[in-house]
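J.: A single structure is presented below for examination.
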Amino acid sequence: MAMSSLKSRVTLLLNWYTNPYHTPILVAQQLGFYSEEDIKLAILEPADPSDVTEIVGLGTVDFGVKAMIHTVAAKAKGYPVTSIGTLLDEPPTGLIALKSSGINSFQDIVGKRVGYIGEFGKKIIDDLASLAGIDPTSYKTVRIGMNVTDAIYRDVIDTGIGFINFQKVELEHLCGETVFLRIDQLAGLGCCCFCSIQFIVPEITLQQPELVKGFLRATQRGAAYTTEKPEEAYELLCQAKPQLRTPLYQKIFTRTLPFFSRTLINVDRDWDKVGRYTKHLKIIDEHFDISQCYTNRFLPDTPYSDLKPIACCLEN
């Protein structure tokens, strides 16, 4: 068969290994929603999660998944990436530790090993320590990537940054009672938007509006199905990835349900707060325009419906 006769695939690079917070994507794939949009989607996992924004920015893949703060940083570095929608809205993020560690407040990091995911995690920890009057030489920061739970379990660190609906659940499952110190509360942000998980695209994908609109229509249907029929959605996830059929992952799925975005909308308020916070952390400069990081123009005007409307009651 000639290569030209093969239907081209559309690529989506996840931010980590496939897990319950990717459920809307897997549901849309399993139920054929992407196929109905004439999208043959190849879902890829990164060998190193820190490579995702660069790979997307270079146009090597069509779509990617990444946290809001990393999307802002990538744009500031010159990578042409844009958020076209939201997968997870404000999953609470914070320092996780075992209760037996003796860490009950942020001041208790003195003399401890503090794990962080990437360069911005260290900036956040050091900034909070500075504001709290903690000597930066009195604690040790350790880059451990996304595997916070394993690092605590192996006694590599005493505490580390993670999601309340994921790493905290993992650590409780492995080791028992935990402590969770929310970063948004420590930093007075009023929301945990900096770790919202976004769908990001390179410039070349933005130039294909029908592809982007079709991807978002299908994904929005997957998100609606996930929140409306969680038991069926989890079953579809497990059919796609049988290794996720465990009590632990089922609990992570249940804890993640409140944070799935049904509309996929980029929330202006959240981007504004993240813009101000990243300026405070000196990740971006004062002249950086946060509005260039995201767009809602490709999202459906109304959610998908199996029912044909009797009339449009909003018309004049």
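Each Cβ is built from the backbone N, Cα and C atoms, and glycine gets one as well.
Taken from Swiss-Prot, the feature N6-(pyridoxal phosphate)lysine covers Lys66, and the record attributes it to similarity to another entry. According to Swiss-Prot, the feature active site maps to His70, an assignment based on similarity to another entry. According to Swiss-Prot, the feature pyridoxal 5'-phosphate binding site maps to Gly118, Glu119, Phe120, Gly121, an assignment based on similarity to another entry. The motif 'CCCFC' annotation in Swiss-Prot covers 191-195.
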J.: So which of the binding-site residues is most packed in, judged by how many other Cβ atoms lie within 10 Å of its Cβ, out of Gly118, Gly121?
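T.: Most Cβ neighbours within 10 Å: Gly121.
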J.: If you count Cβ atoms within 10 Å of the Cβ of Glu119 (pyridoxal 5'-phosphate binding site), leaving out that atom itself, what do you get?
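T.: If we count other Cβ atoms within 10 Å of Glu119 (pyridoxal 5'-phosphate binding site), we arrive at 13.
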J.: Other than Gly118, Glu119, Phe120, Gly121 themselves, what residues in this chain have Cβ atoms within 8 Å of the centroid of the pyridoxal 5'-phosphate site's Cβ atoms?
T.: Tyr116, Ile117, Lys122, Lys123, Ile124
J.: For a quick check of packing: other C-beta atoms within 10 Å of the C-beta of Lys66 (N6-(pyridoxal phosphate)lysine), how many?
T.: 24
J.: Roughly how many angstrom lie between the C-alpha atoms of Glu119 (pyridoxal 5'-phosphate binding site) and His70 (active site)?
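T.: Spelling it out, the Cα of Glu119 (pyridoxal 5'-phosphate binding site) and the Cα of His70 (active site) are 10 Å apart.
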J.: Take the C-alpha atoms of Phe120 (pyridoxal 5'-phosphate binding site) and Lys66 (N6-(pyridoxal phosphate)lysine) and report the distance between them in angstrom, rounded.
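T.: On Cα coordinates alone, these residues lie 14 Å apart.
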J.: Among the recorded positions His70, Phe120, which residue has the largest number of other Cβ atoms within 10 Å of its own Cβ?
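T.: The largest 10 Å Cβ neighbour count belongs to His70.
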